[in-house]
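Visitor: Relevant sequence annotations retrieved from TrEMBL are reproduced here:
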- 51-73: transmembrane segment (TRANSMEM)
- 80-97: transmembrane segment (TRANSMEM)
- 109-130: transmembrane segment (TRANSMEM)
- 161-177: transmembrane segment (TRANSMEM)
Amino acid sequence: MEKFLLVLFAYLLGSVLPGEIIAKLKGVNLREVGSGNVGATNVSRVLGKKFGALVFFLDMLKGFIPTYLAISFYGVESKAVMFAGIASVLGHMFSIFDRFRGGKGVATAFGVILAVSFKLALLSLLVWFVILQWKRYVSLASITASVVAPLLFLISGYPSHIFLMGIVIAVLIVYKHKPNIDRLLRGQELKV
Ligand code: NKO
């Protein structure tokens, strides 16, 4: 029961979309500008870097808090960690407060990884950063880092459900980047 409530909390917290709320307060509808996404990248495009950083931080906390709680209560060996992590990302991507729309899950997934391992979070961030510097596409950096992150869990000897959590989150992130992938293939994706 407690575990179920924690997973529910993760989904509900994930469903709160800081990007959308902050943009609305500034009188902007993110769906109509830039990439149309509610994530940190589009907020940064439309409202500037400071707001982008704020949205990244808040979206990241939505993954970090429930996953960290699950690990503190039940230990990383518990499958509750996997369910809490996936639920937070699902909340962000398919928000109950926004007719099951939402963001692409990258910052929230980063928070989940950070709760499991500071070292692997830093490594994922490094992958993201290197691809961004090299190719100048945020989406490509996010897709690559999300595919590499579960492999890092695998080779670092984490329990198999943590690896599975990473795979599920990576598949969800790639799925949500479908419009970006189409634009990348057509050479129409926006560079930074
Ligand atoms: O507007 O469609 P867009 O061009 O905005 O946005 C594409 C973008 C959407 O994601 C975001 C969040 C940006 C976060 C920036 C810092 C990310 C550091 C991530 C480290 C690795 C995450 C790995 C996840 C693993 C499962 O992509």
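Every residue gets a Cβ built from N, Cα and C, even glycine.
What TrEMBL says about a protein is an automatic prediction, not a curated fact.
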Visitor: Check for me, if you would, whether the transmembrane segment (161-177) reaches the transmembrane segment (51-73) - at least 3 Cβ pairs under 8 Å, residues 6 or more apart in sequence.
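Guide: Judged by the Cβ rule, the two regions do not touch, with the required three close pairs absent.
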Visitor: Counting only residues 6 or more past its boundaries, what in the same chain has a CB within less than 8 Å of a CB in the transmembrane segment (80-97)?
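Guide: Same-chain residues near the transmembrane segment (80-97) but 6 or more away: 3, 6-8, 10-17, 59, 62-63, 66-67, 69-71, 73-74, 103-105, 108-109, 111-112, 115-116, 161-162, 164-165, 168-169, 172-173, 176.
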Visitor: Which sequence positions outside the transmembrane segment (51-73), separated from its termini by at least 6 residues, show Cβ-Cβ distances below 8 Å to it?
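Guide: Here the qualifying positions are 2-3, 6-7, 9-10, 13-14, 16, 18-19, 22, 26, 39-41, 43-45, 80-81, 83-85, 87-89, 91-92, 103, 107-116.
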